[in-house]
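K.L.:
Structure provided below as structure tokens; questions to follow.
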Amino acid sequence: MDLTVIWVALASLGGLGLLMVGILVVANLKLSVKPNPLEEKILNALPGANCGGCGYPGCEAYAAAVARGDAPPDACPVGGSSLAEKIGEIMGVEVGGGEPKVAFLLCQGGNDIVAQSADYHGIRTCRAANLLGGGTKACPYGCLGFGDCCEVCPFDAIHMGPEGLPVVDREKCTGCGNCIRACPKNILKLIPVSKQVYLACASHEKGKGVRDVCKKGCHACSICVRMCPYDALKMVDNLPVMDFAKCTDCGICYAKCPVKPSCYVDFTLPRPKAEIEPSKCDGSHACVEACKFKAIEGEKGEIHKVIPEKCVGCGECVKACPTGACIQPVRAKVTAA
């Protein structure tokens, strides 16, 4: 065999390979997209949780979107306001401080609270159970209790409680929204982390239709709406809807609810009861007029007294007192909902 032919073939193929490499190098230099330095800085600032709470597949995609100007700098629920400010500095824009949010379950229909309409022997997920007639609970709006929300939480912030309902750890929850997207009943919502009182029911039935199936469901009686001193509740489709901007977490809605203990959840319980300092009381009667529970006694011009067994700790007397005689101890912080 003539070796010359082989060497010529090898040289030809090698030369062709080198030519193609050269073409690729030139193309890479000429056509490559230069990395955005802002994107790299933003990515380094992000927590790297890749939870998807910002609406993008991961931190890298979100960083690229912010750098392009397609996403706001405050969309990351994990980093909160401090991260938003940092990204704002990188982008050279001002970021308004938004309050962090946490997940909240709009249901108290645990195993012993809500009636069952059938036995379920299928796949143990909420999504699967919901496909079979909406689940086995007599309330069509209630939590199915199989924990799909717990499975998708990347922060270990939700666990199934003893009543068969998910319990949110408010300290761990970042408000990423994964649990909300996983819930087929759409009864997990994000609420401001500072909120202490909220309606824990999603049923749009009323009266007997609720009482027959759930011990803690809202009857749509509207008592809470009428009793709210701040006009923070409005009845919409048989449910009181709360205006967070008006609500002061006084807890009157919780205390006045005829459903016992309440179809509302109050994270401050037990609330400290009000007290009156006799040396400061001028008997103005403002506290008596403000109290919706008749928990303060005394004639006008005399020193007033709190009736402890009637006081629910709403704090309205403290706000109304012109001399600062009405006081209330600091409320305890609750971390689980």
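Using the three backbone atoms N, Cα and C, a Cβ is placed for every residue, glycine included.
Keep in mind that this is a model prediction, so the values were computed, not measured.
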K.L.:
Record says CYS139, CYS143, CYS183 bind [4Fe-4S] cluster 2. Source is TrEMBL. Which of CYS149, CYS176 does it list for that same site?
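P.N.:
TrEMBL lists CYS139, CYS143, CYS183 binding [4Fe-4S] cluster 2, and from CYS149, CYS176 it also lists CYS149.
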K.L.:
May I have the list of same-chain residues other than CYS153, CYS173, CYS176, CYS179 whose Cβ is within 8 Å of the Cβ centroid of the recorded [4Fe-4S] cluster 3 site, in sequence order?
P.N.:
CYS51, GLY53, ALA103, CYS149, VAL152, PRO154, PHE155, ALA157, ILE158, VAL168, THR174, GLY175, GLY177, ASN178, ILE180
K.L.:
Considering only Cβ pairs within less than 8 angstroms, which of the stretches 164-193, 240-267, 272-301 has the most against the domain '4Fe-4S' (32-93)?
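P.N.:
The stretch with the most contacts is 164-193.
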K.L.:
For CYS179 ([4Fe-4S] cluster 3 binding site), which DSSP three-state class applies?
P.N.:
helix
K.L.:
What does DSSP assign CYS59 ([4Fe-4S] cluster 1 binding site), in three states?
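P.N.:
CYS59 ([4Fe-4S] cluster 1 binding site) sits in a helix per DSSP.
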